[in-house]
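**Q** Got a structure for you, questions after.
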Amino acid sequence: MVEESGRRKRPNILVTGTPGTGKTTTCTALAEASQLRHINVGDLVKEKNLHDGWDDELDCYVINEDLVCDELEDQMEEGGNIVDYHGCDFFPERWFDCVVVLQTDNTVLYDRLSRRGYNESKLSNNIECEIFQVLLEEAKESYPEDRVVAMKSDTIEDVSRNVSTLTDWVRNWHPTS
Ligand code: ADP
Ligand code: MN
């Protein structure tokens, strides 16, 4: 298969992690600092109806992965995107030059998700997801390991450090790398 990442002038970054780990906070700051385009997949799914209805049990939309990938294909080919989503196994591997998995201490995450008003089952599902490092495993299974990086996201200082590390990485990225 033809390696397509070489055509991009700017890199694509995926920022993933359990809900509440700080993906949107981090991506917003990173987009500002690096001048890349922030794509919040959850918002896009709602806006463009890229779902198959509401799952009452899981209390979220049933995302239509094919529709999402079709919607994003052109932009991803162009490059210069930061994709923000709590899943990573259904995007084409060739889209991403770097996959960031945010991680948060359980008690800190519990407080963030309670403040968000999550019900008991949604809370425990997400805390369990974080304890078992589900997103890190999913990222490692879906992308070459040298493109996957785990970053701690407990405090605002962590966000600043992660954003500055990633901004430097973007600045030094070249199409052939
Ligand atoms: P996600 O997009 O992963 O669900 P958000 O970025 O929406 O997470 O963050 C959830 C909440 O936690 C927000 O209120 C945000 O301000 C806070 N938050 C996220 N990351 C951090 C962090 N590293 N330090 C302190 N607060 C954070
Ligand atoms: Mn978010």
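Cβ from N, Cα, C; glycine included.
Below are the features listed in TrEMBL for this protein:
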BINDING   Gly20, Gly22, Lys23, Thr24, Thr25, Arg116  ATP binding site
REGION    40-63  region 'NMPbind'
REGION    115-125  region 'LID'
**Q** Going by DSSP, give the three-state secondary structure for Gly20 (ATP binding site).
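**A** SS state of Gly20 (ATP binding site) = coil.
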**Q** Under 8 Å between C-beta atoms and at least six residues away from its ends: which parts of the chain pack against the region 'NMPbind' (40-63)?
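**A** Sequence-distant neighbours of the region 'NMPbind' (40-63): 24, 27, 71-72, 83-87, 119, 122, 125.
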**Q** Tally every other Cβ atom lying within 10 Å of the Cβ atom of Arg116 (ATP binding site).
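**A** Around the Cβ of Arg116 (ATP binding site), 12 other Cβ atoms lie within 10 Å.
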**Q** Tell me, what is the mean pLDDT of the region 'LID' (115-125)?
**A** 96
**Q** Of Gly20, Gly22, Thr24, Thr25, Arg116, the binding-site residues listed, which put a C-beta under 6 Å from ligand 2? Please answer none if none do.
**A** Thr24
**Q** In the same chain, which residues outside the set Gly20, Gly22, Lys23, Thr24, Thr25, Arg116 have their CB within 8 A of the centroid of the CB atoms that define the ATP site?
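**A** Once Gly20, Gly22, Lys23, Thr24, Thr25, Arg116 are set aside, the remaining close residues are Pro19, Thr21, Thr26, Arg112.
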**Q** Checking the spread of the ATP site as listed (Gly20, Gly22, Lys23, Thr24, Thr25, Arg116): what is the longest Cα-Cα distance, in whole Å?
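**A** Taking every pair of listed residues, the largest Cα separation comes to 15 Å.
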**Q** Restricting to the same chain and to sequence separations of six or more, state which residues have a Cβ under 8 Å from that of Thr24 (ATP binding site).
**A** Asn40, Asp84
**Q** What is the Cβ neighbour count of Thr25 (ATP binding site) at a 10 Å cut-off, with all protein chains included?
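**A** Its Cβ shell of radius 10 Å holds 16 other Cβ atoms.
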**Q** In the region 'LID' (115-125), how many residues does DSSP put in helix, strand and coil?
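**A** Counts, helix then strand then coil: 7 helix, 0 strand, 4 coil.
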